[in-house]
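For reference, Swiss-Prot has these:
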- 4-16: disulfide bond (DISULFID)
- 8-105: disulfide bond (DISULFID)
- 29-97: disulfide bond (DISULFID)
- 49-192: domain 'SCP' (DOMAIN)
- 111: phosphotyrosine (MOD_RES)
- 141: glycation site (CARBOHYD)
- 173-190: disulfide bond (DISULFID)
């Protein structure tokens, strides 16, 4: 497939490694009971709207949390749009059931691609996509804009910084919902183009 021509520092592309199917991996997914694969049209809209709502909140200087807060306003925040190719690659990876592991090569011909992963489970109902994105947003509480992202703080704030990375233009996500130990579980993989979280770069320009 065409993704076998896209290389990332000597690692084969996810879609080259796994094949082009978005069906759950029979080997890895056997340990859970999968109930749905993929994002609905409604979920796509919710994902884009929630990213842009939060990006605008930060851009307008309305995010009071931080270490220290508030976060400075931004002058260069792009509005995100959905990208089906990013979503497809994210879905191929989500369907591998390699929970909480980032794939090594997810780029497209157009973009270096970043990634956020989230998981939540409940006995009552499957947690929605907005709830999962809010988990990423909440990392702002540990973020110091002046320090930016470093190897030291990346694990604590890296999801937040990708959500609000100003130069990112497009997002696409894959999802699987499954039952594990009686819990209704939702696993979300979002891919971003162009990628954020470039060490040493500013997450956005201050207004």
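One-based numbering along the chain as shown.
Backbone N, Cα and C atoms are what each Cβ position is placed from, and that goes for glycine too.
Keep in mind that what you see is a predicted model, and the values were worked out from it rather than measured.
Recorded features from Swiss-Prot, shown on the structure.
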residue : record          : contacts (Cβ under 8 Å, 6+ apart)
4       : disulfide bond  : 12, 13, 16
8       : disulfide bond  : 104, 105, 106, 107
29      : disulfide bond  : 95, 96, 97, 176, 178
111     : phosphotyrosine : 86, 170, 193, 194, 195
141     : glycation site  : 65, 66, 67, 69
173     : disulfide bond  : 39, 44, 47, 86, 87, 90, 91, 129, 188, 189, 190, 191
Helix, strand and coil counts within the domain 'SCP' (49-192) (DSSP): 46 helix, 33 strand, 65 coil
Secondary structure at residue 4 (disulfide bond), reduced by DSSP to three states: helix
Among 16, 97, the most crowded of the disulfide-bonded residues [Cβ within 10 Å]: 97
Residue with minimal Cβ packing [other Cβ atoms within 10 Å] among the disulfide-bonded residues 105, 190: 105
